[in-house]
Amino acid sequence: MPGPVTDPRGQVATDTPTRRGTEAALLGFAVLITVVAQIIVDLTVTGHLRPEMAGFSVWITALWVVAHLVVRRWASYADPLLLPAVALLVGLGLTVIHRLDLAAEQVNSTVTREDAPVQLIWATLGVALFVALLVVVRDHRALSRFAYTLALLGIVLLALPAVLPASISEVNGAKIWIRVAGFSIQPGEFAKICLVVFFAAYLVDKRDVLALASKRVAGLELPRGRDLGPVLLAWILSILVLVFERDLGSSLLLFGIFVVMLYIATERASWLFIGLLLFAGGALIAYQAFGHVRARVDTWLDPFAYIDGAGYQLVQSLFGLGTGGLFGAGLGGGRPDQVPVAKSDFIASAVGEELGLFGLVAVIVVYLVLVERGLRTSLVVRDAVGKLLAAGLAFAIAWQVFVVLGGVTGLLPLTGLTTPFLAYGGSSLVANFVLVALLVRISDAARRPVAPHATPVRLGDAPTEVVMP
Amino acid sequence: MSELVLQIFRFGFLLLLWLFIFAAFRVVRADLFGGRPGRVASVPPRTATPKKRGQRGPRTLVVTAGPLSGTKITLGDQPILIGRADDSTLVLTDDFASSRHARLTNRGGQWYVEDLGSTNGTYLDQQRVQGPLLVAPGQPIRIGQTALELRS
C-alpha cells in the first residue's frame, strides 16, 4: 500500500482508505443473516436444527473469508459494498432454495433430491472463478486487447445450443442449454459477459464516429445511415436468438445492453429512440410470427383467463405475493412450493410470500446498492473502457432484475431470465460471480490513488525553469 | 414452535435485513458526502496539522465536458499528465488530443498548465497555452472535446 500522498503545504491531502474493514464487517453481517435465516427455516418447518447446519455455516463463512482475503490482497482499493451485497443475495437464495427443498420433502417424503447443497457447490465454484479472475486479470484495460476474441467466443456460446440437437439443448421449449452427463449449462449467461466486454472495447474505439457524424432532424441528432450498422447487427442477433432458441429473455437482455451502452458511449439520446423503435418493430414481428411469444403476451394481459394452463404459474405467483402481504408469512410459514419452478424463475415470488413486501423491497434495494456501486465505479474510473464496461455490467444486473421481477409480478410478459445470485441455477450464479469480479477489478482501479511514480519522467518532460516571454 | 417465537422470527428477520441495508447506505453516504479532501473517505488526516485554513489551494481536477465528464482526480504534488498515452494520469480517448498533450504542475501550491507540443493545442479560457500559465480554480482548460477545471 503506497503511503499517504502529501500535498505541497506539508499536510496529508488524501489518504484514500481501502475500506477493507468496512467490507469485512458487512460480509460478517451478511453471513450472520444467512445463518439466522437458515436456522429460522429449519426451526419453523421441521422444529429442529438439521445436523448439516454447522457444516453449512463453516462452509459459507469460509467462502466469504477467502473472497475477502483475495480482494484484500489483489484488489485492495475495491468498492467495499459489492461483495457484501452479493454475499447477502447468495445467502438468501440458498435459504429460500433450502426452504423449498424442505417443502418438497414434506409433500412427498420419498423425494430426497436436494437442490440447496448443489447450489452451494455452484456458489463455491463461483467464488473460485471470482478469485481466479482477480488474480489473473490485474488490469481491466488488458481485456480490450481480446475484444474480438471475446466477441467470437460470445457468439459461439450463444449459438451453440441453437445448432446442437434438441435432445441435448432443449428444456421446456427453450433451446438454451447444454446438457452433458447430468450437468446442464446455459452458455448464454457467459456469452452475456463476453459481449459486454466486446461492446465496451468496440464502442470506445468507434464512438467518435457514432457520436459526431450526425444530422439534426426534429430536435434529435440522428446518426448517418451507414453508422446504424452495429445497432442493426445487435438487433438481428437478438432476433436470431429469439427464433432459434425461443428465448425471449436473452434476446431482450442482449439488445437492451447494447442500446444502453451505445447511449452511454455517445451521449446521444437518439440511439435510445432508435433502439426503442427497433424494439417495437421486433416485438411486433415476434408477436405475429411466434406462438410462444403470443402465449406469453396473452397470459400477461389476462393471467386468470388461462388459470388452468399457461397462466397457472403466474397466477400462483400472484396469489403467493398476495398471501405474503406487507410483512410476509415468515420464513417457512408460507406455501411457496405451490408455484411451479419456484426455485429458479419464480424465486422472487417465494421471497415475496415469506418475507412480504418489506422483504422483497429489501432484496430489490440490495440489488440497487449493487448497481449503484457499479455506476459509481463507472463515474470515478479514469479510463474510457473501464467506464463503459462498469456501466454495461451494472446495467446488465439492473435490466435482468427488472425484467425478472416485472415478469413475476405481472408487470411485464414472462421471460426466461434468472434473478442474479438469488435463483437456483449454476450457470447464472457462476457467470454473475465473474461479472462481479470484473466490477471489483474496475472499482479497484477507480478508487486506487494515482501512484506517485506512475508518470515516468522523460527527458523532454523533465522539469525545467521556463522563462516567461 | 410457539406463535410468539414465530412472530419474533418473522419481524426480527425483516429488521435484520433492513439493518444491513441501513449499514450499506451509511457507507454510500460516507462515499458521497463524507470526506471533504478526497471523494471517498471521512477519515481525518493522519497528521492533522492544518495550516492557515483560509488559503486552501485547489484540491481536485474535474472533467466538466467531453467523454470523461464527471471524472475527478485528487491533486497531490505530482504533476498531472493529460493525453492519449496509457500512462497519462488522465487518459483521453479523443481524436483531437495528442498522446502527450498537456501537463499540470504544482509550484508552491499554485497549479500551472503547459502544452506539451500538442497538435491541436490546449486552451485556458479562450487563450491558447504557449508557455506555462497559472490556472485559477474554475477556469476552464480545453483539450479537444474535453474541458477540465480545478476545484477547491
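Cβ atoms are placed via backbone N, Cα and C, with glycine included.
The feature transmembrane segment is assigned by TrEMBL to A:24-41 (among others).
The feature transmembrane segment is assigned by TrEMBL to A:53-70 (among others).
For A:82-100 (among others), the entry in TrEMBL reads transmembrane segment.
The transmembrane segment annotation in TrEMBL covers A:120-137 (among others). Remote same-chain partners of the transmembrane segment (A:120-137), defined as residues 6 or more beyond its termini with a Cβ less than 8 Å from a stretch Cβ, comprise 56, 59-60, 63-64, 66-67, 70-71, 74-75, 90, 94, 143, 425-426, 429-430, 432-434, 436-438, 440-441.
Sequence-distant contacts of the transmembrane segment (A:146-164), counting only residues of its own chain at least 6 positions beyond either end whose CB sits under 8 Å from a CB of the stretch, comprise 175-178, 187-188, 190-195, 197-198, 201-202, 237, 240-241, 244-245, 250. Summarising the annotation, TrEMBL assigns transmembrane segment to A:146-164 (among others).
Residues annotated as transmembrane segment in TrEMBL: A:176-204 (among others).
Among the features that TrEMBL reports, transmembrane segment is placed at A:248-264 (among others).
Within the chain carrying the transmembrane segment (A:271-290), a Cβ under 8 angstroms from the stretch's Cβ atoms is held by residues 210, 220, 222-223, 228, 231-232, 235, 238-239, 242-243, 246, 248, 255, 258-260, 262-263, 297, all 6 or more beyond its ends. Summarising the annotation, TrEMBL assigns transmembrane segment to A:271-290 (among others).
Marked as transmembrane segment by TrEMBL: A:355-375 (among others). For the transmembrane segment (A:355-375), the list of distant contacts is 79, 81-82, 85-86, 88-89, 92, 321, 324-329, 331, 348, 390-391, 393-395, 397-398, 401, 405, 420, 422, 436, 439, 443: same-chain residues at least six beyond its ends, Cβ to Cβ under 8 Å.
Panel annotation: around the transmembrane segment (A:387-409), residues 140, 143, 192-193, 196-197, 199-200, 203-204, 249, 252-253, 256-257, 260-261, 264-265, 314, 317-318, 321, 345-346, 348-349, 352, 364, 367, 370-371, 373-375, 377-379, 381, 415, 417-420, 423, 432, 435, 438-439, 442-443, 446 of the same chain, lying at least six beyond its termini, place a Cβ under 8 Å from a Cβ of the stretch. For A:387-409 (among others), the entry in TrEMBL reads transmembrane segment.
As annotated by TrEMBL, transmembrane segment applies to A:421-440 (among others). Here the transmembrane segment (A:421-440) has long-range neighbours at 71, 75, 78-79, 82-83, 86, 89-90, 92-93, 96-97, 115, 118-119, 122-123, 125-127, 129-130, 133-134, 137, 140, 143, 183-187, 189-190, 192-193, 197, 343-345, 347-348, 351, 363, 370, 373-374, 377, 389-390, 393-394, 396-397, 404, meaning same-chain residues at least 6 beyond its ends whose C-beta is under 8 angstroms from one of its own.
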Any contact, the transmembrane segment (A:82-100) to the transmembrane segment (A:53-70), with at least 3 Cβ pairs under 8 A: yes
